[in-house]
Amino acid sequence: MDHFTYQQDSLFAEGCSVAELAKTHGTPLYIYSRATLERHWNAFNNAVANHPHLICYAVKANSNLAVLNVLARLGSGFDIVSGGELARVIAAGGDPKKVVFSGVGKTIAEMEQALNIGIYCFNVESSAELELLNDVAGKLGKVAPISLRVNPDVDAGTHPYISTGLKENKFGIAMDEAEQVFARAQALPHLAIKGVDCHIGSQLTEMQPFLDAMDRMLALIDRLAVNGIEIKHFDVGGGLGVPYDDETPPHPDVYAAALLERLGDRPLKLIFEPGRAIAANAGIFVTEVLSLKENSDKRFAIVDGAMNDLIRPSLYSAWQNIIPVQLTSAPSYEYDVVGPVCETGDFLGKNRQLNVQAGDLLAVRSSGAYGFVMASNYNSRPRVAEVMVDQDLHQVIREREKLEQLWQGEHLLP
Ligand SMILES: Cc1ncc(COP(=O)(O)O)c(C=O)c1O
Ligand SMILES: N[C@@H](CCCC[NH3+])C(=O)O
């Protein structure tokens, strides 16, 4: 089910006209659908309803407080990678007892913050981090609940920049060192072993890499049990892909059923860290065509949105569908949809068949994940507004930045 559909040739987000929202709040603009966020989260939760589990939404995908709050109200846990994300979860009403803390470079201050708040688990990524966390917990008189992120060395078959489960990637502890590091963790006084985790990459559209990783991780868990190290949960990470174009990633039902089958009768709680699968197709990025330009080779639609607002096309050559907000029957041409930023790489889409004129609105679909969160102020462009729709109601969930905010905190020399 799609909550971004045409009504009488005009694009709607749930019951709200996208053209009206753009008129009221200006462009560029991110628009999210609450119903879609909820449906996607529930799809995960229902898929494992009969097994002990925790869905920890990956905050990095879209960390707006309203997004986190919508998911917190459903009972979501959260996967965080910084003290900033932890603070957001708390500010959004999330339960810290359902937070897992991932990331290769946690600082002492972040460890202290998370220990004082009392999170569910630290996903420890190296021996050095293990020793440091033990020290920090000891100084606070606390015991840190931990999982070790093990790198299963499987090829996720995704873009090299978002593949994380190969030995050559910086993430996790190598499989051949894992048992030794677990033994060390068990010996350290201020740590309590809870689980094992892995995350092999993002935008995976096939089951096989997940299953390969699962097999290796379960074999490790079985070996640990033989050596008296009891694992209570297995955190399978995130990474489930979404359809941007014609990809057909497994539905959470299919994905979870396959993992549960592999799990067999092992009494392990399963933790999931989906980000993209929940947020990507819950959002669109709306931009206005400023002008058209053509030469003998190409036609360009120059729009007011740019790589600083939505960087995925520039950074990963990611393809996201670009659709008109108002359908017309005028002839269409092939355009590169480009922004005003002074970089050749500043484009939202290339070779798109569109029928557009200056002043028309375009919507870049699948922009709810890794969209606004990766925005910058490059070229001194204020970050855009974000709106959430809920049926025929809508709410500005982040205001468009004002020009003065561009230099907030900057100081002139005396
Ligand atoms: C540890 C961890 N968990 C979860 C995620 C979320 O990934 P995705 O958005 O692909 O579900 C990421 C990002 O890839 C991650 O690094
Ligand atoms: N930012 C990436 C995903 C990164 C995943 C981070 N663990 C994307 O847009 O596809």
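Any Cβ shown, glycine's included, is placed from N, Cα and C.
Residues or ranges marked as domain 'Orn/DAP/Arg decarboxylase 2 C-terminal' by TrEMBL: 33-368.
Among the features that TrEMBL reports, domain 'Orn/DAP/Arg decarboxylase 2 N-terminal' is placed at 35-280.
Counted within 10 Å of its Cβ, the other Cβ atoms near LYS60 (N6-(pyridoxal phosphate)lysine) come to 22, all protein chains included. If you look up TrEMBL, you'll see LYS60 marked as N6-(pyridoxal phosphate)lysine.
Annotated pyridoxal 5'-phosphate binding site per TrEMBL: GLY239, GLU273, PRO274, GLY275, ARG276, TYR370, in sequence order. A coil conformation is recorded for TYR370 (pyridoxal 5'-phosphate binding site) in the three-state DSSP classification, outside any helix or strand. Long-range Cβ contacts of TYR370 (pyridoxal 5'-phosphate binding site) within its own chain (separation 6+, distance under 8 Å): LYS60, ALA61, ASN62, GLY275, ARG276, ALA280, ARG312.
Within 10 Å of the C-beta atom of TYR316 (substrate binding site) sit 16 other C-beta atoms, taking all shown protein chains into account. Among the features that TrEMBL reports, substrate binding site is placed at ARG276, ARG312, TYR316, GLU343, TYR370.
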Distance [Cα-Cα, Å, rounded] between TYR316 (substrate binding site) and GLY239 (pyridoxal 5'-phosphate binding site): 16
Binding-site residues whose CB lies under 6 angstroms from ligand 1, from ARG312, TYR316, GLU343, TYR370: none
Among GLU273, GLU343, the most crowded of the binding-site residues [Cβ within 10 Å]: GLU273
Spatially closest candidate among GLY239, GLU273, PRO274, the listed binding-site residues, to GLU343 (substrate binding site) (Cα to Cα): GLY239
Lowest local Cβ density among GLY239, PRO274, GLY275, which the record lists as binding-site residues, within 10 Å: GLY275
Most crowded position, judged by CB atoms within 10 A, among ARG276, ARG312 as binding-site residues: ARG276
For the pyridoxal 5'-phosphate site built from GLY239, GLU273, PRO274, GLY275, ARG276, TYR370, further residues of that chain with CB within 8 A of the site's CB center: ALA58, LYS60, ALA61, SER202, GLY238, LEU240, ALA277, ILE278, ALA279, ALA369
